[in-house]
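Beneath this line is the structure, given in C-alpha cells, with notes to follow.
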Ligand SMILES: N=C(N)NCCC[C@H](NC(=O)CCC(=O)O)C(=O)O
C-alpha cells in the first residue's frame with residue numbers, strides 16, 4: 001500500500017474582537033492603521049473564503065479556533081479585581097493601553113501559533129509541535145498556553161503527535177513559530193531541510209542585530225526548537241535575517257521569504273551570508289533540483305515587499321511539480337509587484353499560477369495570507385488521526401459563515417472593546433464553536 005502525503009493548512013479563524021490597536025512596534029501596517037475601525041465579521045468571512053477556495057482547489061484545509069478575549073485572566077493576574085465586567089471596566093478606565101492589548105484577536109495569525117516538524121524529519125518519527133512563546137509583544141505573549149491546548153485537541157493522538165511546552169517566556173528565547181521556519185523537501189513525505197531564521201543572538205551582543213525595530217526571534221530559540229524536535233544537523237539550517245530589513249518593517253521572515261517543496265522564493269536582501277547559506281541548503285537538500293527564486297531590488301524594493309506582502313504569499317502544490325501562489329490583492333494593486341508576478345508565472349519554475357485573495361481586514365494589522373495559516377505536512381495515517389471536525393468542507397464552511405453572522409459585530413472601534421457585552425458575546429460564540437469543531441473545553445472560561 002502506498003502512503004500518501006499532504007501539506008495541510010490550518011487557518012486561524014478571526015476572533016470576535018478583531019480590531020486595530022497599533023500594538024506591534026516594528027510592524028508598519030499595525031502602526032499605521034492604529035485606531036481605525038475594524039469589521040470582525042468581514043475579517044472572519046475573508047478568512048473563511050480563502051480556506052474554502054483552497055479546499056476547493058483540492059488542498060487539505062483545516063480551521064484553527066480563535067482565543068478568548070478580552071483576557072480577563074491576564075487582567076486579574078495584573079491586579080484588577082471584581083467580577084468579569086468590573087475587571088473590564090477597571091482596566092479599560094485605568095490602563096486603556098493594557099486593556100487594548102488583552103483584547104487583541106492576534107491568535108488569528110496561526111503562522112505564529114507554533115513550529116511544526118513533520119515525522120519524516122524527526123528522530124522518533126512523530127510530528128512535533130512547539131507553541132511559540134511570542135515574548136516580544138505583550139498582547140501575543142498571552143497566546144501560547146491556549147494555542148497549545150487547541151493544538152492538543154486537534155492533534156490528539158500520542159502515537160503520531162508529540163506536543164512540547166513553549167520555550168521559556170523570556171526574550172532570550174523569543175520564538176515566533178512557523179513565521180520564521182520554512183521546510184524544503186523533494187516531496188512532503190521525504191526528509192526535508194528545515195530553515196530556521198532568527199534576528200539576533202541573545203547571548204552574544206557582538207553579533208549583528210537590528211538598530212531600530214526589535215528582532216523577535218533569537219538564534220538560541222531556533223537551536224532549542226531543532227533539539228526538541230529531534231532534527232539532525234543534516235536536516236536543519238540556521239540563517240540570520242538581514243538586520244537592515246528588520247529595520248524596514250520585516251518583523252518576521254515570512255514577510256520577505258517563502259518556501260515550499262523545492263522552491264525558495266526570497267528577496268535579495270532577506271538574509272545575511274546568503275551565498276554560503278544557499279550552498280549549505282543545496283548540500284543538505286542533495287542532488288534533487290532546487291529552485292532558488294531571488295527577487296532583486298531592481299525588480300521589487302523591500303518597501304514594496306513590505307507594503308504588498310509579496311512574500312507573505314502561500315506557495316501551494318497543485319500537481320506533480322507545479323505550484324500556485326496565493327497572494328493578497330495588495331500585490332495586484334501595485335503595478336511593479338503585479339507585473340513581477342505575471343512574469344514569474346511565465347518562467348520555467350514550478351510556480352505556474354497566481355490567485356489573489358482579499359484579506360484586507362487582516363492585512364491592515366500586518367497579517368497576510370501566509371500569516372493566517374499553520375502548515376502541517378502529514379501522511380495519510382496522521383491525517384486520519386487529526387480531529388476531523390476541524391477540516392474544511394462545504395458544510396463546515398456554511399456552518400461557520402452562519403456562526404459568524406449570528407455572533408460577530410459588523411463594526412468595532414477601539415472604544416467598543418470596553419463594552420462588557422462583547423465579552424459575553426465572544427464567550428457565547430466560542431462555546432458554540434468548540435461544539436462545532438469538537439474541541440472540548442479549551443478555553444479558560446469553560447474551565448471555571
Ligand atoms: N508575519 C506573520 N506571520 N504574522 C503577522 C502577525 C501580525 C501581528 N499584528 C498584530 O499583532 C497587530 C495588532 C494590532 O496592532 O492591533 C504581529 O505583529 O504579530
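Here the Cβ of each residue, glycine as well, is placed from N, Cα and C on the backbone.
Automated prediction, rather than curation, is the source of TrEMBL annotations.
Database features (TrEMBL):
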BINDING   21-30, 112, 139-140, 216, 254, 365  substrate binding site
ACT_SITE  176  active site
ACT_SITE  252  active site
ACT_SITE  371  active site, nucleophile
Select the closest residue to residue 25 (substrate binding site) from the following active-site residues, measuring between CA atoms: 176, 252, 371.
252
Rounded distance in angstrom between the Cα atoms of residue 27 (substrate binding site) and residue 252 (active site)
9
Which residues, sitting 6 or more apart from residue 23 (substrate binding site) on the same chain, put a CB under 8 Å from its CB?
30, 100, 101, 104, 106, 137, 138, 139
Could you check which of the recorded positions 27, 176, 252 have their CB within less than 6 A of ligand 1?
27, 252
Rank the recorded positions 140, 252 by the number of other Cβ atoms within 10 Å of each Cβ, and give the residue at the low end.
140
CA pair residue 254 (substrate binding site) / residue 371 (active site, nucleophile), Å rounded to integer, equals 8
Using a 10 Å radius on the Cβ of residue 254 (substrate binding site), the other Cβ atoms enclosed count 27
Count the Cβ atoms, other than its own, that fall within 10 Å of the Cβ of residue 27 (substrate binding site), considering every protein chain shown.
22
Below 8 Å Cβ to Cβ and six or more residues apart, same chain only. Which residues does that give for residue 112 (substrate binding site)?
106, 132, 134, 140, 143, 176, 177, 178, 179, 252, 371
Counting across all protein chains shown, how many other Cβ atoms sit within 10 Å of the Cβ of residue 371 (active site, nucleophile)?
26
Any idea what DSSP makes of residue 21 (substrate binding site), helix, strand or coil?
coil
